[in-house]
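> Copied straight from TrEMBL:
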ACT_SITE  HIS142  active site, proton acceptor
BINDING   ASP3, ASN62, VAL85, ALA86, ASN87  NAD(+) binding site
DOMAIN    1-109  domain 'Lactate/malate dehydrogenase N-terminal'
DOMAIN    112-267  domain 'Lactate/malate dehydrogenase C-terminal'
Amino acid sequence: MVDINQKVAEGQALDLADSQFLSSTKVRVGTYQEAGQADIIVITAGANQRPGETRLQLIAKNFNILNSVITSMAPIKPTAKIMLVANPVDVLTHIAQKISGLPKNQVFGSGTFLDSGRLRLELSKILGVSEPAIHCYAMGEHGDHQFVAWSSARVGGVPLLDYPQMKGVDLDALSHGVSRKAYEIIERKGATYYGIGACVASLCDTVLHDRRDIRPISCYNEKYDSYVSMPAVVGSNGVESIIDIQLNETEQKKMDNAVAAMKSVLSECN
């Protein structure tokens, strides 16, 4: 574990070390140079958005943090994978790839993985089936331009919207509720920890054990020449391939808007 605040890093490592007796995992404080030689580097460092602060101002602050973290790790191992968790994750993942110079498939972000998990949880309550049986993704951007690919959603091979339980469900309200859940948690306890922590642990496991799981993450898509949140096969090389989900006309427009919004922010950053 590495942190600009050494005491915080030590405290976190000591706390996590108390769980070591349940596994063979070893937790300790390290240096930035050591972190740069890891198989997978998880970057959670980032400033929170303050009331009245614009998205561009937040990105400017987080750019400086990212630049400091990544340059401090140089030279980074050529085969290392970098996972971004700080927000706005899609834009910062793009920036991290540029700063690190690593191949695009080796730099990715948590994207809409957690949003998709929240969505599947709500759908499981409506349908009365387990979450793993539901294949439905939040896509585009982990943020204001997020949307759900309802037209391609499947449950047990059957289109989601063909299920009788879905009749009368307000899809826009459901999607909005999922995207706002983080704000509800932050309002009550100040930050989110456990859901995103589970997502990060799952992605690390997928990379380190080459599981080839399909996860909705921030990944580079040549079609859009941009990092975007969408399903991808994740393995030992990072992003192994992109899953090009068929979108209807409305969904494609939302995807195009998400990409345009992120490119606009990046151009202002430049």
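Quick reminder: no glycine exception, Cβ is built from N, Cα and C everywhere.
Just so you know, TrEMBL annotations are computer predictions that nobody has curated.
Source: prediction; values computed, not measured.
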> Helix, strand, coil residue numbers for the domain 'Lactate/malate dehydrogenase N-terminal' (1-109) per DSSP?
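Breakdown, helix to coil: 53 helix, 11 strand, 45 coil.
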> Counting every protein chain present, what is the number of Cβ atoms, excluding its own, within 10 Å of the Cβ of VAL85 (NAD(+) binding site)?
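22, counting other Cβ atoms within 10 Å of VAL85 (NAD(+) binding site).
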> What does the structure give for the C-alpha distance between ALA86 (NAD(+) binding site) and the residue listed as 'active site, proton acceptor'? Integer Å is fine.
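About 11 Å separates the two Cα atoms.
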> Just checking: which of ASP3, ASN62, VAL85, ASN87 have a Cα that is within 10 Å of the Cα of the residue listed as 'active site, proton acceptor', counting only these binding-site residues?
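Final answer, ordered: ASN87.
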> Around ASN62 (NAD(+) binding site), how many other CB atoms lie within 10 A of its CB?
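For ASN62 (NAD(+) binding site), the count of other Cβ atoms within 10 Å is 22.
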